[in-house]
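Engineer: Structure in structure tokens, see below.
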Amino acid sequence: MKDKIIRATAKNGMVRIIGGITTNLVNEGSKIHQCTPVAAAALGRMLTAGTLMGTTLKGEKEALTLKINGGGEAKGITVTAHNDASVKGFIGNPYVTRELNDKGKLDVGGAIGKDGLLYVIKDLGLKEPYVGQVPIYSGEIAEDFAYYFTVSEQTPSAVSLGVLVDKNLSIKAAGGFIVQMMPDADELLADLVTYRLEEIPPITTLISEGKSIEEILEFIFEGMDLNILDSIEPKYKCDCSREKVEKALASIGKNELQEIYDDGKNEEIVCNFCNTKYTFTTNDIDKLLKNSIKK
């Protein structure tokens, strides 16, 4: 089944919904970083949140970066997304292992930790990016984003993010949704939506059963005039390039470049997001040095 993100409304626009199946892109990210099951679940939840939230950006050059680090053994996760539903991410320690939690599930909250902040950074092409932050609520990620939307953006929200890791470490199912009540929605509607969300099986169960994201949302919002606005296929996509890495290397300054050149060895730089290796020979470093002197 292809991954898909859809945006929708219910009850004449009183409820705003972004939902998606992200199994393939989470599998891609997990493979790139060689994640353990709990690392795959944590990274996958963040990637899913990123691609869902990224679709709310208006322009192609706008970017959304999400960061969470609660002091746990996962050592933090960062993801970056764009409005075309592309997303990339990395986890500080992809080899983290934890015992199952008291519910018999992967202990994502324990791996992330609670002693830290969740950051939402929106680069909208202005002089300064918008930076929102909240204390980590549970480390389970979905609850943390629900807390962020409610506290930082004053939008009561329900967030579900799920990743089901198979025995062979591939991703069996991944997906999620963000449901937000508009300011003029009445309390009875909010109570009904909350009740529905509490009664449904985990989203990974529904995906594993072969249900599409449309079927899942129609199941949740039955009788609420679900209106699907648009859809897009999300992708794990890194936009690194040799040119960008070269610019970053040049920016470290003439003295540091001279030290690398004097060392007489090739310099290898690895992209955090996709593990692509870029090698710069002493000749390459020499050219960068000469360019820096010209400037």
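Glycine is treated like the rest: Cβ placed from N, Cα and C.
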Engineer: Please name the cysteine among Cys35, Cys240 that Swiss-Prot pairs with Cys238 through a disulfide bond.
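Structural biologist: Candidates were Cys35, Cys240; Swiss-Prot matches Cys238 with Cys240.
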Engineer: At the Cα level, what's the spacing in Å between Cys271 (disulfide bond) and Cys238 (disulfide bond), rounded?
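Structural biologist: Pair distance, Cα basis, whole Å: 9 Å.
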Engineer: How many whole Å apart are the CA atoms of Cys240 (disulfide bond) and Cys274 (disulfide bond)?
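Structural biologist: So the Cα of Cys274 (disulfide bond) lies 8 Å away from that of Cys240 (disulfide bond).
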Engineer: Tally every other Cβ atom lying within 10 Å of the Cβ atom of Cys240 (disulfide bond).
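Structural biologist: The answer is 17 other Cβ atoms.
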Engineer: Taking only the Cα atoms, work out how far Cys238 (disulfide bond) lies from Cys274 (disulfide bond), in Å, as a whole number.
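Structural biologist: Cα of Cys238 (disulfide bond) to Cα of Cys274 (disulfide bond) measures 6 Å after rounding.
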